[in-house]
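As written in Swiss-Prot, here are the features:
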type     : residues : note
DISULFID : 5-21     : disulfide bond
DISULFID : 9-23     : disulfide bond
DISULFID : 14-28    : disulfide bond
């Protein structure tokens, strides 16, 4: 995960996980 998805995942999971984003350091990233 190197590209920020512009979404945080402090309280809820990454909604953007449907496009390959994963939670890292409270922020959603994708490869």
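Placement of Cβ uses the backbone N, Cα and C atoms for every residue, glycine included.
Note that the structure is a prediction, hence the values are computed from the model and not measured.
All features noted in Swiss-Prot, drawn onto the structure.
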residue: 5; record: disulfide bond; DSSP class: strand
residue: 14; record: disulfide bond; DSSP class: coil
residue: 21; record: disulfide bond; DSSP class: coil
residue: 28; record: disulfide bond; DSSP class: strand
Work through the disulfide-bonded residues one by one (14, 23, 28) and name whichever has its CA nearest to the CA of residue 5 (disulfide bond). 28
Could you tell me the C-alpha distance between residue 23 (disulfide bond) and residue 14 (disulfide bond) in angstrom, no decimals? 6
I need the CA-to-CA distance for residue 28 (disulfide bond) versus residue 21 (disulfide bond), whole Å please. 6
Cβ packing number for residue 23 (disulfide bond), 10 Å threshold: 19
Among all the protein chains here, how many other CB atoms are within 10 A of the CB of residue 9 (disulfide bond)? 20
Where's the emptiest Cβ shell within 10 Å among the disulfide-bonded residues 5, 21, 28? 5
Just to verify a number: CA distance, residue 9 (disulfide bond) to residue 21 (disulfide bond), in angstrom, no decimals. 11
Residue 14 (disulfide bond) to residue 21 (disulfide bond), Cα to Cα, whole Å, comes out at 7
